[in-house]
């Protein structure tokens, strides 16, 4: 086999941070001059997370080739340089759909279709296809869910078979939780022991046990885990809870020397690991002595932080080159004191979303920021809110609206794109990377410093082309359009401190090591506004 595989499973509890761990391992392995590919296997029966409730699943991360994926792929992108595509994700829904389609087409020649071998073979095909497409030195496969979940069993069986076929080229990491009982003042290893026993009963003996814990594990505890879980003591690693930032995870794992162990186990020769640049970025990100800037997020799903995970992280990324310390202030659009809360912020971000709830609150926020010259950034639905607000209060079209909100509006400033009126909702939006031509002399041009960019999209609605001329006549600047059909991509208000809306999702391209330019300029504008307010108060 031309590549090596690392399989990452989780036990004891969910939300252990397997995605962050996988992303951090990718960073460490890339620093060893190895090409890494990543694959997330999700046990749920949905074909993809595109139609799932954000409260249940978190954000939907979109790849360049237009695949709606799990938010863990966002972690992979933000930490590493891996190329993500449709080959980087698979769900039980996709696997079973493929199997049943083959059955209907007669490809199984009348055989009784079963989980073993048909479903497991399809899972193995997914693993192999990811490697064939990305051609990595090492493929990291994260298996969603928790050991013991019935949904994960076909994936684990497929991994067992794959390991049997390629015993020298595969490695299994099992991540567990080691609780600390405060009353007894003891660290308990029994849940980890049972989780490993469960995994071994399926036929997978882990090569590495990575223990998540509140505090560092003693040598005695590691020795006990080693003894009862049948792994060498030097294969028991510790991932303590991070106190400052998730971006400390690669530094923590590097300190544990886990990458050297993995490379030796897989037949590679480890090189000295230099993470000084990453350490500097983390220290800058966590520096609370920098100027304090408050950003209000006026969003629909703020009760669940993961619903806007990429937006939150992109703002923090931008705070490093902007040299400020960010405080993110969640503001419910339905709040009675919405405007009062905004008045205490240095900038406002209106993220994407769907549906009528909270729409008018977003429009109120956009108007407040426009009239009071407060930096404001609208993304996807947020941009549409900026445009509708402008049409209502500057074009004097009080009934202007989006057709998503009111299909009968007399002034449909935002309309459904041609060909988007499909009854089937899953995977039918305008998805993936499209080009955007930037207008010279615009805020967007100052940020990008180029006239053509590629950005990722996820939407059905657009600014109505029949209203663009009137919007421009009344001062709204169309600062970016898609050359493939002249679709409006970026709007700005020229005589404003910084007010910009984008139809795409710039948060899907931001990394700690390479923040997105629009987020940087937004945070810089908010910082300047904060300084201006402070100077005015001290006069």
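Numbers here mean position along the shown chain, with the first residue as 1.
Placement of Cβ uses the backbone N, Cα and C atoms for every residue, glycine included.
CTP binding, as stated in Swiss-Prot, involves 149, 150, 151, 188, 189, 190, 191, 192, 193, 224; the candidate among 14, 358, 364 given for that site is 14. The annotation in Swiss-Prot ties 55, 353, 381, 382, 383, 384, 460 to L-glutamine, and of the candidates under consideration, 334, 336, 404, 408, the one tied to the same site is 404. Within 70, 72, 132, the residue that Swiss-Prot lists together with 15, 16, 17, 18, 19, 20 for binding ATP is 72. Straight-line distance linking the Cα atoms of residue 383 (L-glutamine binding site) and residue 190 (UTP binding site), rounded to a whole number, equals 52 Å. Within 10 Å of the C-beta of residue 189 (UTP binding site) we count 20 further C-beta atoms, all protein chains included. Comparing Cα positions, residue 190 (UTP binding site) lies closest to 17 out of the recorded positions 17, 72, 505. In this structure, the C-alpha atom of residue 16 (ATP binding site) lies 14 angstrom from that of residue 191 (UTP binding site). Cα separation, residue 188 (UTP binding site) to residue 381 (L-glutamine binding site), rounded: 48 Å.
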